[in-house]
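Novice: Attaching a single structure in structure tokens format; questions to follow.
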Ligand SMILES: CC(=O)SCCNC(=O)CCNC(=O)[C@H](O)C(C)(C)COP(=O)(O)OP(=O)(O)OC[C@H]1O[C@@H](n2cnc3c(N)ncnc32)[C@H](O)[C@@H]1OP(=O)(O)O
Ligand SMILES: O=CC(=O)O
Ligand SMILES: [Mg+2]
């Protein structure tokens, strides 16, 4: 990383760029004048197009509200029917049978790289809060990790270092989604697109170094809703490669298919990114969130049962997963599975055994469907996922050659929400309230991933919780005891759950925490008539 001092430090404006975030450790290393100029170039070249694409999202959603449906696009039929493939995989993305995900704090960076996974999804998104110190600190940790110059000592004096006895995971960075602005960097007076900040800083400081080391600048791209958004990323990559003087096609991206509109454009998304693509991922949690969000006011046929009973075996989830594998393999791309929410415990053998069994079953289903690898949330789950994929892949690095011509998925299959087995119970309403409160409180304090009741919770899972509450209230849904889920009932439940948390954590921790702010945000994102697109937007306003 370049180590010149910035001349656009806190508050100053240079070349139209203003950094308004406070001094945090690592800032001078990350926000160098050259890096800021690169960011400004990205924002000026692509910021307005991002704005137009967000407006297009809103128009499309209004159309769904009017018609109650989505479908494959007639205007891109030629892409779906055409004979084309994506670029061959780089050497260190050939075998992705186990991918660890997690935030980029210093200890977890080292733990993830050491975990034995083939890939580490270094998360600046669902598992991260974009607090300024995380935005800058994550870039410092990534740059140090790439240069193999990273260590950490915890409060008990335990030292963490990168292992030298086995390969480290390949780093794939997930920047924020297109919807999120970075309030602490302004270009020509406008907050920068957060995705361009995360991508730009990582690429600027590390692309050449990664290529020299035989890897490359690899990304996971979240929450896209159309192939035109993928085209924007492709243009960003082309621009960045030219500016940095690195080869065309050296940036690689795996796109998360985790919104319902994107499920209708898998071929098109791969096509747009074909020179930079390394596959698609089935981001199941945001996918559920997106279905609830997009069809929130489309009537009872689109109301899902409570969160914890919606499984990947539900017909619409199976259709989505199999269509993803089929599409990827037809185009020579890798299909990567998603996250089982069960997390192990080193202290509770029963919890541990349940997590292992659940994760094993989840990975077995994915490997059987044809996925080439999958995600785990915790280092102890790496061997579980590896064993399952080893059994299916053997010596092969992946199973991209396995074509799923037997899979025929229609729009009706993808939208068959009403066949999902399960009910809504009072416990399900309570659980959504409790999880959303605890998650939001953690997010406000700077932790974007947290274990609650032995399940991994992050921005995507919390979005499901609060969006279900909104949808149930606005559809007049009932719990299985016949009671209607009203605004008053949810409000009362929030008050009761908050009191229960207060009792559980104790007065001192409750007062020192951000529970009141979390409750206020939850009231708004679960109950306001005007649905808030992402809960992280008001949460960000509460911290920045
Ligand atoms: C919907 C989606 O987008 S899924 C992808 C995004 N979500 C994620 O990536 C979540 C990733 N997982 C996590 O953040 C964590 O596992 C949590 C928060 C759920 C649980 O973390 P903890 O409470 O620390 O778990 P636990 O105490 O069992 O951890 C044991 C050790 O494993 C480490 N560890 C746990 N998860 C991870 C991880 N994902 N990456 C690196 N290290 C990890 C801990 O740091 C700890 O290390 P230590 O023993 O050296 O102190
Ligand atoms: O990002 C993954 C998801 O499931 O959401
Ligand atoms: Mg997601």
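Note that Cβ sites are derived from N, Cα and C of the backbone, with glycine treated the same way.
Quick caveat, the model's predicted, so the values are computed rather than measured.
OK, TrEMBL features for this one:
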| type | residues | note |
| --- | --- | --- |
| ACT_SITE | 174 | active site, proton acceptor |
| ACT_SITE | 458 | active site, proton donor |
| DOMAIN | 16-77 | domain 'Malate synthase N-terminal' |
| DOMAIN | 424-542 | domain 'Malate synthase C-terminal' |
| REGION | 1-26 | region 'Disordered' |
Novice: Using a 10 Å cut-off, grab the number of neighbouring Cβ atoms around the Cβ of residue 174 (active site, proton acceptor), all chains included.
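Specialist: The answer is 25.
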Novice: Measure from the CA atom of residue 174 (active site, proton acceptor) to the CA atom of the residue listed as 'active site, proton donor' and give the result in Å, rounded to a whole number.
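Specialist: Answer for this pair: 14 Å between alpha carbons.
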Novice: Count up the helix, strand and coil residues in the domain 'Malate synthase N-terminal' (16-77) according to DSSP, in that order.
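Specialist: Breakdown, helix to coil: 43 helix, 3 strand, 16 coil.
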Novice: When secondary structure is assigned with DSSP, how many helix, strand and coil residues does the domain 'Malate synthase C-terminal' (424-542) contain?
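Specialist: Looking at the domain 'Malate synthase C-terminal' (424-542) with DSSP, the answer is 80 helix, 8 strand, 31 coil.
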Novice: Look up the residue listed as 'active site, proton acceptor' in the DSSP assignment and reduce it to helix, strand or coil.
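Specialist: Note: the residue listed as 'active site, proton acceptor' is in a strand by DSSP.
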